[in-house]
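Visitor: Supplied in structure tokens, the structure appears directly below.
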Amino acid sequence: MAAPNSKTSSSSSSPPSSSKQPENAVKFARRTSSGRIMSLSREDLDMSGDLSGQNDYINYTVLMPPTPDNQPATSAPSESKPTTRFASESQRKEDGGGSGVKGVQRRMSVMKSPNNKSMLLRTQTGDFDHNRWLFETKGTYGIGNAFWQDQDGYNGEGEVSMSDFLDKPWKPLTRKVKVPPGVLSPYRLLILVRLVALFFFLIWRWRNPNPDAIWLWALSIICESWFAFSWLLDILPKLNPINRATDLAALHDKFEQSSPSNPTGRSDLPGVDIFVSTADPEKEPPLVTANTILSILACDYPVEKLSVYISDDGGAILTFEAMAEAVQFAEVWVPFCRKHNIEPRNPDSYFNVKTDPTKNKKLRDFVKDRRWIKREYDEFKVRVNGLPERIRTRSEMHNQKEEMKENKLAQEKDGESTPQDPINVNKATWMADGTHWPGTWLNSAADHAKGDHAGILQVMTKVPEPDPVMGHPDEKSLDFTGIDIRLPMFAYVSREKRPGYDHNKKAGAMNALVRASAILSNGPFILNLDCDHYIYNSLAIKEGMCFMMDRGGDRICYIQFPQRFEGIDPSDRYANHNTVFFDGSMRALDGLQGPVYVGTGCMFRRYALYGFNPPRANDYLGMFGQVKTQAQEIRPRTSDEEDLETEPLNHPDLNLPQKFGNSTMFNESIAVAEFQGRPLADHMSVKNGRPPGALIMPRQPLDAHTVAEAIAVISCWYEDKTEWGDRIGWIYGSVTEDVVTGYRMHNRGWRSVYCVTKRDAFRGTAPINLTDRLHQVLRWATGSVEIFFSRNNPLLATRRLKFLQRIAYLNVGFYPFTSIFLVVYCFLPALSLFSGQFIVQSLDIEFLFYLLIITLTLTLISLLEVKWSGISLEEFWRNEQFWLIGGSSAHLAAVLQGLLKVTAGIEISFTLTSKSAGEDEDDIYADLYLIKWTSLFIVPLTILIVNLVAIVIGFSRTVYSVIPQWSKLMGGLFFSFWVLAHMYPFAKGLMGRRGRVPTIVYVWSGLISIILSLLWISISPPDENNTSGGSVQI
């Protein structure tokens, strides 16, 4: 223990004593790595040397009380000065530094630099650097550090006090979690080995044709060369997968704690606008949409910073009144969730959870509250499900009244005589307040049809109060004492639609919401969700905000969350979870420039969505983008500069947006959104930040002028002569507007982040029926083909797009074309068995060696990918199976559709032709067994039947041949079984629940068998000398 100086002090400077501890007690403490000071007992100090390290005593602190034996002496009690824990040199001289105890005098001086505090505190941990302090100052100590516990504060400008040790250090909000080198290094090495093996294998295949079946060899080598190229495009972006973690505690400390810049303790987090899109209440049930809205209203984010918007692109009164019912139920559901910390906050999902609902619930009234809220929810469902009948009955009643009025007026006009001509009264749809519904009527009429109706904007919950509003006992029959009962602002929006305008489907609806929300709330961040994707983790928005508000977050354009699905069959027959993409490919892209935008579960930076460039960007030069340079800032060009021919032209995506429309209020909101979206400037490494406390001012309530302006910006004519859909907002012109929108942002130099939370952030539904699944894949593949033939082809990208990111986007446009080669390759085993030949002349050692190396390395790469991505082997195999099923059906149809559209301008749509009813309505997986015939089944069904017939023919020929060719039979059988193993889910889907084969399959099988037999006889007619079956001669 340090030996203090024997000096006297006045009794007034001693700290108050404790009843349990004498005044002269010595307190032992240790500063931990997190910044806290932990009290220690003497038993803790006397621990054995085997349990302690060499640096265990470095951070120990001995807090010694100011007794006459250990505190510095003063000249006189009246002249006593408050001492600091680190007194200055001059103060110690004044306090008796010249007395006769110079040998043991403790000189606690620090550097005279004005920035000494930040220099003494370590950058990352915030721990006091004792060694540097001793080296650069005159400080001395014995075993441990001694501080005189008097008062906190500074005795001179720039000096360090005990409070500095208690200050929480600066912490980043996120961190990267790299894949272990023991997994990543072998993964990269195996990719290199397989790449070299593929190179030599293809060279060997090109140099060794099969003269007996040159056509079979040519088809196979062309397909294999394309497969190698396609595999290279898919695997190269996976070379640098990473994981990320967030620190919600640090986010809370920075933005939601009282501080000198925020004395009221209000949240300093930026605002978030949440968009939910729906179009047809018949295909998207209003109850599902209402549950999604309830999960959003109850999420754990500052209420005053949250605004919710629903876009009803069909203008249906059913959706409108369902949202009104949801808001009414939210008044009790949201406080209930806050009171008992409910997860998930979608009531339908919560009440269907199979686990114990009382787990981790501490309040005694939870069971009573849950029983009451469950009854309220059941009544809410009955009201929502009864809305169609209620709306129809109400409309009929009002229409009858209107018809009676018209008849009465006609009678009065005709002199009490009944009019001969019947009076036609429009069958209007009526609202609950007795007025006409301005949107789509149940019986369509002029100005009230799906593509012809006025714009509608209804604010259903007002802007909340800036401070919490606490509930009372018996609040709606529940005790909400001490619970914030406020609701976020919620608005129903249906944009105007008129004939003659291209409304651009979902992309146009999202852009209308962007403009309306900018007028009403102007949150700097936008989270878009589909109507069937609800918030499963109430902290999901805060998790995403950690990335946006962290150091370097001003360069992030969006945060993409993985899509998770409910209601999928346990075996995931058709790879609906798509975990190979969401947990494999997307994690790998996060190590490059960021994941692609997949349409839902994405948090955008509003400023990036407006088409602006990031504050800082890099150019990647060289053939492989290996030269990284700082990109030049793009400034708007004036009219004079545009006329100069010598002015260098930028890439079209790098030009700044200028035509936002004629709304002054909207144009003024752009700069506000940019400033509010900046990270907090609380560290010297934070660039382009905002000062703390800038966002604690309360929002202004909405007035009539603001709402009128919001209605004006959702009109159908607002986008005329603007850059909306071309450079601003969601991009038009593609079925997959999500991928194109994300690509444009990456092309400007922005980066995105993939946020995988421990608890799923969002959950939704996915089609489990084979036909619905194939049509979903068809839409995605069609959009990819459109991207390939458009200006959004990554081959035309800017230098701000990283090389491997360019490869990833190139793969997005290329992968549908693999279906052409895949279909041909799936028929090659059957052709081999029919002809008695194989793709090589003989199964020699060299061919088998290459095949073994390629197969073995691919298997090991897949195992390592499963290891770092966290997916299961079953999920990986299901993905491989559906890759072949989708590639031979939906992808091929998409390529055909895209080529016809580009070359001839012909639009082809693949629709359902027949539909059978489910056998069991109580089975949640009943839709899995529905058989809906579609033209997409033709090619995979043909592949399946042809390979089965070929196996029988090939085996029979070999058995009854004079000289059996068993090696060629084994080669053909191996590849045929490879095709059939991948087609097993397709065959199982065709057979339905009880394994009954549909009649169409028998008809198609007979038709294909007859065609193949006739074709075979015409190509290779029977001959008396031909006993072995011969070969194909064309």
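Backbone N, Cα and C atoms are what each Cβ position is placed from, and that goes for glycine too.
Just so you know, TrEMBL annotations never went through curation; they're auto-generated.
Quick paste from TrEMBL:
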type     : residues                               : note
ACT_SITE : Asp313                                 : active site
ACT_SITE : Asp738                                 : active site
BINDING  : Ser277, Lys283, Glu284, Asp313, Lys505 : UDP-alpha-D-glucose binding site
BINDING  : Lys506, Asp530                         : Mn(2+) binding site
COMPBIAS : 9-19                                   : compositional bias 'Low complexity'
COMPBIAS : 70-89                                  : compositional bias 'Polar residues'
COMPBIAS : 392-416                                : compositional bias 'Basic and acidic residues'
REGION   : 1-116                                  : region 'Disordered'
REGION   : 392-424                                : region 'Disordered'
REGION   : 635-654                                : region 'Disordered'
TRANSMEM : 187-207                                : transmembrane segment
TRANSMEM : 213-233                                : transmembrane segment
TRANSMEM : 808-835                                : transmembrane segment
TRANSMEM : 847-866                                : transmembrane segment
TRANSMEM : 936-957                                : transmembrane segment
TRANSMEM : 969-987                                : transmembrane segment
TRANSMEM : 999-1019                               : transmembrane segment
Visitor: Taking every protein chain in this structure into account, which of the binding-site residues Lys283, Lys505, Lys506 has the most other Cβ atoms within 10 Å of its Cβ?
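Guide: The most densely surrounded of these binding-site residues is Lys506.
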Visitor: Which numbers of helix, strand and coil residues does DSSP report for the compositional bias 'Basic and acidic residues' (392-416)?
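Guide: For the compositional bias 'Basic and acidic residues' (392-416), the helix, strand and coil counts are 22 helix, 0 strand, 3 coil.
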Visitor: To the nearest whole angstrom, state the Cα distance for the pair Lys505 (UDP-alpha-D-glucose binding site) and Asp530 (Mn(2+) binding site).
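Guide: About 14 Å separates the two Cα atoms.
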Visitor: Other than Ser277, Lys283, Glu284, Asp313, Lys505 themselves, what residues in this chain have Cβ atoms within 8 Å of the centroid of the UDP-alpha-D-glucose site's Cβ atoms?
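Guide: Checked against the 8 Å cutoff, the neighbours are Thr278, Ala279, Asp280, Gly314, Lys506, Ala509, Cys531.
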Visitor: Distance check, please: Cα of Asp530 (Mn(2+) binding site) against Cα of Lys283 (UDP-alpha-D-glucose binding site), rounded to an integer number of angstrom.
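Guide: Asp530 (Mn(2+) binding site) and Lys283 (UDP-alpha-D-glucose binding site) have their Cα atoms 13 Å apart.
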Visitor: Please give me the recorded positions out of Lys283, Glu284, Asp313 that lie within 10 Å of Lys506 (Mn(2+) binding site), comparing Cα atoms only.
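Guide: Those near Lys506 (Mn(2+) binding site) - Cα within 10 Å - are Asp313, in sequence order.
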Visitor: Grab the same-chain neighbours of the transmembrane segment (847-866) for me: Cβ-Cβ under 8 Å, and only residues 6 or more beyond its ends, written as numbers and ranges.
Guide: 183, 186-187, 190-191, 193-194, 197-198, 200-201, 204, 235, 238, 584, 840, 872-873, 876
Visitor: What same-chain residues, at least 6 away in sequence, bring their CB to under 8 Å of the CB of Asp738 (active site)?
Guide: Tyr597, Val598, Gly599, Cys602, Trp730
Visitor: Six or more residues out from either end of the transmembrane segment (187-207), which same-chain residues have a Cβ under 8 Å from its Cβ atoms?
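Guide: Sequence-remote neighbours of the transmembrane segment (187-207) are 220-221, 224-225, 228, 231-232, 235, 239, 840, 846-847, 850-851, 853-854, 857-858, 860-861, 864-865, 868.
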Visitor: Rank aside, I only need the closest one: which of the binding-site residues Ser277, Lys283, Glu284 has its C-alpha nearest to that of Asp313 (active site)?
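Guide: So, spelling it out, the nearest of the binding-site residues is Ser277.
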Visitor: Give me the count of other Cβ atoms within 10 A of the Cβ belonging to Asp313 (active site).
Guide: 22
Visitor: For Ser277 (UDP-alpha-D-glucose binding site), which residues of its chain lie six or more apart in sequence with Cβ-Cβ distance below 8 Å?
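Guide: Listed in sequence order, they are Ile310, Ser311, Asp313, Lys506, Ala509, Met510, Leu513, Asn528, Leu529, Asp530, Cys531.
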Visitor: Same-chain residues six or more away whose CB lies under 8 A from the CB of Glu284 (UDP-alpha-D-glucose binding site)?
Guide: Thr278, Cys531, Asp532
